[in-house]
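Worksheet: one structure, shown below.
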Ligand SMILES: NC(=O)N[C@@H](CC(=O)O)C(=O)O
Ligand SMILES: [Zn+2]
Ligand SMILES: [Zn+2]
């Protein structure tokens with residue numbers, strides 16, 4: 001592959017624009033490209049043509065991406081994606097989900113295990129990983145189920161799946177509610193040096209639950225999903241993790257009380273990490289007034305006070321990172337009466353813009369902070385050695401280029417996913433991914449994925 005120059009980009013949005021030379025999938029030089037001597041920071045570069053806003057194929061020459069002062073960040077890492085393959089390829093496939101990921105600025109995603117068949121064995125996880133490699137747009141890491149069939153009763157073969165490369169285990173969609181099973185899972189995860197990601201929902205407290213338990217649910221006549229059903233499980237799991245000396249990851253934190261529990265657990269030295277979704281950073285249960293099931297999600301949209309606390313917790317590091325919980329659903333499963341609709345929302349192509357809207361613009365995070373919550377921390381939590389790395393010479397070129405000033409209007413039908421269930425339909429959002437690079441290869445640019 002010929003070398004690539006990112007021209008006029010601002011790493012972490014800091015300082016004057018620089019040029020970045022990428023060779024053999026690695027950042028080879030950062031400085032100013034000199035046309036006359038065809039060198040970048042002393043490194044010779046074969047001259048090549050330039051196509052504005054896009055990539056030149058360039059023959060023997062180098063390829064160029066015109067940055068126009070755009071912000072350069074480490075490629076995003078999503079710890080929580082539902083790709084629906086195998087089983088529901090009518091809503092998303094590894095190919096379409098990978099395209100959505102690349103367009104959203106992601107260079108690695110973790111594909112949840114609640115597929116059909118469930119990813120509770122080495123055969124399924126190996127299939128997902130292989131299919132991800134064939135598509136080649138993003139590193140697809142399969143998540144392994146904690147229990148057989150997500151049934152919550154018998155531990156799955158964690159060791160066999162870990163040997164097949166699984167780094168994150170989760171029964172997401174279901175809570176590992178039995179404390180003894182959870183304790184065993186944590187013990188195994190410690191021995192295998194992997195992490196268990198818990199969907200925290202005490203099932204006895206959420207039987208038939210449809211919406212956040214509070215004034216709005218009462219007004220609308222929807223059965224409540226109490227905050228304590230999440231908070232109690234997070235507290236219990238923090239205690240269990242501390243007891244066995246294991247690491248714990250908490251999926252889609254949605255309440256202020258969970259942020260309090262996490263702050264307490266971290267203060268006492270528990271190795272717990274947590275994610276928040278873009279939708280829980282922006283939307284509240286006020287949205288439910290229309291009974292439009294596009295707003296139905298698990299955990300449910302909460303109150304403005306929760307949203308406020310989640311933003312603060314993400315800024316403070318009490319919540320470590322943003323994960324999309326990208327959850328595609330077919331029209332016949334989603335566009336039906338509220339109680340029959342499946343919970344879940346698309347997220348991969350809108351995550352960056354929601355983080356810009358909710359965290360960057362209000363001054364809660366700068367671009368360094370955005371890099372931390374979308375790339376560095378999730379890579380660390382999952383133990384990915386080549387993602388979330390500094391933008392520096394010698395580092396792998398897993399990168400995302402963002403136009404901070406662009407605004408765009410979300411149209412579900414125009415997203416790369418097969419399903420179109422975005423709660424942000426019609427919203428005008430700030431910030432746009434200009435290009436995504438996976439080991440130096442351009443996977444998305446100008447709103448299109450690489451051929
Ligand atoms: N978040 C959701 O509302 N739905 C997820 C499951 C889950 O993340 O719990 C799904 O798989 O559709
Ligand atoms: Zn979940
Ligand atoms: Zn999920």
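From the backbone N, Cα and C atoms, a Cβ is placed for every residue, glycine too.
Note: TrEMBL annotation is automatic and uncurated.
From the candidate list 320, 325, 333, the residue TrEMBL records in the Zn(2+) 1 site shared with 80, 82, 172 is 325. Per TrEMBL, the Zn(2+) 2 site holds 172, 199; the candidate it also names there, chosen from 127, 141, 249, 252, is 252. Residues 82, 83, 84, 298, 329, 343, 344 are given by TrEMBL as substrate binders; from 114, 121, that same site also lists 114. TrEMBL tags one of the stretches 40-60, 145-165 as region 'Disordered', and that stretch is 40-60.
Listed in sequence order, the residues of the same chain lying 6 or more apart from residue 252 (Zn(2+) 2 binding site) and placing their CB within less than 8 Å of its CB are 80, 199, 275, 276, 277, 280, 299, 323, 325.
Close to ligand 2, meaning a Cβ under 6 Å from one of its atoms, are these of the binding-site residues 80, 84, 172, 199, 343, 344: 172, 199.
For the substrate site, whose binding residues are given in the record as 82, 83, 84, 114, 298, 329, 343, 344, the maximum C-alpha distance rounds to 17 Å. Rounded to a whole number, the distance between the Cα atoms of residue 172 (Zn(2+) 1 binding site) and residue 83 (substrate binding site) is 13 Å. Annotation for residue 298 (substrate binding site): same-chain Cβ neighbours under 8 Å, separated by at least 6 residues, are 173, 201, 225, 343, 344.
Using a 10 Å Cα-Cα cut-off around residue 172 (Zn(2+) 1 binding site), the binding-site residues 84, 114, 329 reduce to 114.
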